[in-house]
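> Have a look at this one before I ask anything.
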Amino acid sequence: MRTHTFLTVLLWSSVFYVIHMTPSQKRTNKHSHSERITGLSENDGKTLHRTKRGWMWNQFFLLEEYTGPDTQYVGKLHTDQDKGDGNLKYILTGDGAGSLFIIDENTGDIHAAKKLDREEKSLYVLRAKAIDRKTGRQVEPESEFIIKIHDINDNEPKFTKDMYTATIPEMSGVGTSVIQVTATDADDANYGNSAKVVYSILQGQPYFSVDPETGIIKTALPDMSRENREQYQVVIQAKDMGGQMGGLSGTTTVNITLTDVNDNPPRFPQSSYQFSSPESAPPGTPLGRIKANDPDVGENAEIEYSISNGDGSDMFDIITDKDTQEGIITVKKHLDFENKVLYTLRVEATNTHPDPRFLQLGPFKDTALVKISVEDIDEPPVFSRPWYLIEVDEDAKEGSIIGQVVAQDPDVAKNAIKYSVDRHTDLDRIFNIYSGNGSLFLSKPLDREETPWHNITVIATEINNPKQSSQISVFIRILDINDHAPEFANYYETFVCENAKAGQLIQTVSAIDKDQPPRGHKFFFELVPEFAVHPNFSVVDNKDNTAGIMTRRNGYSRSKTSTYLLPIIIFDNDYPIQSSTGTLTIRVCACDSRGNMQSCSAEALLLPAGLSTGALVAILLCIIILLVLVVLFTALKRQRKKEPLIISKDDVRDNIVTYNDEGGGEEDTQAFDIGTLRNPEAREESKMRRDVIPETIFQIRRTAPLWENIDVQDFIHRRLKENDLDPAAPPYDSLATYAYEGNDSIANSLSSLESLTTEGNQDYDYLSDWGPRFKKLADMYGGEDSDRD
């Protein structure tokens, strides 16, 4: 019985060991342990005590998140060689050895030093060996074993998103899938129900449901309408432990939006509409807007408006405003209050994108009645035609009627009309119109050749309301009358050679006519009757509106006759026949043997005088040179320095010259007159200089006279003021100095200039009494001889 029991324990231990060992060493360790256990039973026979090694495998499972007060016991390593005397030493290596797992090297007990988390690491591979402390050799070969962490439910399910967003078309059927949510649990799915998640709905019923195993959210109610409610918020719970009590859970929010489908037809809010329009409204004028309501959105709410029937379908139109989804009623044709006052339209509003799934709900369109009344407007006169064309002969007499325009008032009142011509279109006032009946007549004669067309504007105005007026264009075509005679087309320079032969063509002439006959021009040429038989030339009509000038004799002499005049009559072929006479001038010229002109009579007149072209050029050059010399001589003469007329050293007049001015320099002595300064009693006159030849006669400037007893100082001040105010003063600066000596001088004046104004001779004998300094002056003015000298 004991042997049987030992074998059972050994078999169970070996099988358990195989499960938790690596493949290669499982088999090795199994055999070694089996042999060791067998040996022990043969020697000792104590098989019941050999089952102690079973703890090595039963305790290699640890719970995660251990929170006990002591370290968690893992198991015990033990060998048969251990006698309990402390000679063996147990050593542990591998995952977490020394940090997470600690072994008692004397007893072989293994403890977990820290709290373990299966989600971080679910198993640990370790190696154990026993060493003799004295010899240091292994008494047991190194064995490998696994410590597996048992899971506990310490993680709640977590959704992949905190919030989900989903859409689903409205009116979807029950069970229509909306979205799938997913939650994961970090616990071990292979151990218990810690990771088994079950889904449930906490919020969103009864509209939606969720599959407890897959997490697929589905619709729970039929025909959910977006127009009633568009947004839904659903809260989904995920719970582990298979949803049992005590399991952990997590939640997420799903926002579900119902998208629109075209399940609503457009509807007019009212059955009829009333609008009005003035009869003067031009086509395209909007009269009003109508709108059909559609609770759908986007393209499902797009509406197309049309006129289905009615007596105004030809007069009005309706267009769709894509932005506002309104129908705009517009005028299609011109309205006339006098013809029709009221129109009725049937307007239809139709969805442009109907959904076939909902056609059974009814037609997706609606109709409304629109009434439009026409308002009477005082309209301007209307002409009977859009424009007028009048043809008139150019020889029509002044005052003759050429045509008529007709206009009338379209209103019921039928106001009287007066007509007038817009003078901006008839500046020459050639045409006029009778204001009462619109008859156009001529005020001036016409000339088709000058103006073949006239475009005028006629205005029709209501007499009772001048603001109402209309204009019409009148095109007047002037019909041609044969009133112009044909004439030469060009001015012909014709010559005949001196050596010409009889019957030779010397010129071809053609004609033009300002008239335009309907059948085209046809001209005839012939000589005037007086020269019908011309001894020198003849005219040959070519019948193609041209004529040839032919010679009638051999040889011409320019010395006898240098020029011939040939009068030619030109006729046209219209009625009345018009003709004119053109004179052709034919010169006699010298030609070479080929008939090319070399010289004519105009040049021949110069040859006898012996003046060639070179001589004429030489004469012209001589004339130009003479003209240049004359111009140079005149310019040099003007630059010559002007000499004064009085150059005598005995000139006793005092000339005060200032050299620091910007004026005329030494020759500028017109600014002052010492003689006048010395004689204040003299009359004020502007006198011209007599020592310089005058260049220009200036206008004499008159000044106010000085009275006999005026003081010289006052005179100077007056002169100064006059020069300051004189607008004719020279534009340069001039310094005029006056030698004023003051009043009542003891020596009187020493100047001889004052003697010019006295009647008798001066006595200068007193100068000899002044001393040696004045001896020279006394000798000069001392006696009569000296004065005469």
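Glycine is treated like the rest: Cβ placed from N, Cα and C.
From a predicted model like this one, the values you see are computed outputs, not experimental measurements.
I grabbed these lines from TrEMBL:
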type: COMPBIAS; residues: 269-279; note: compositional bias 'Polar residues'
type: DOMAIN; residues: 79-159; note: domain 'Cadherin'
type: DOMAIN; residues: 160-268; note: domain 'Cadherin'
type: DOMAIN; residues: 269-383; note: domain 'Cadherin'
type: DOMAIN; residues: 384-488; note: domain 'Cadherin'
type: DOMAIN; residues: 488-605; note: domain 'Cadherin'
type: REGION; residues: 260-289; note: region 'Disordered'
type: SIGNAL; residues: 1-21; note: signal peptide
type: TRANSMEM; residues: 605-636; note: transmembrane segment
> Can you break down the domain 'Cadherin' (79-159) into helix, strand and coil residue counts using DSSP?
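So the domain 'Cadherin' (79-159) is made up of 0 helix, 40 strand, 41 coil.
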> Kindly report the helix/strand/coil residue split of the domain 'Cadherin' (160-268) according to DSSP, in that order.
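Counts, helix then strand then coil: 3 helix, 47 strand, 59 coil.
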> Of the residues in the domain 'Cadherin' (488-605), how many are helix, strand and coil by DSSP?
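Once the DSSP states are binned, the domain 'Cadherin' (488-605) shows 7 helix, 54 strand, 57 coil.
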> Give the mean pLDDT for the domain 'Cadherin' (384-488) on the 0 to 100 scale.
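The predicted confidence over the domain 'Cadherin' (384-488), as a mean pLDDT, is 92.
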> Summarise the domain 'Cadherin' (269-383) as counts of helix, strand and coil residues per DSSP.
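In the domain 'Cadherin' (269-383), the DSSP-based counts are 10 helix, 56 strand, 49 coil.
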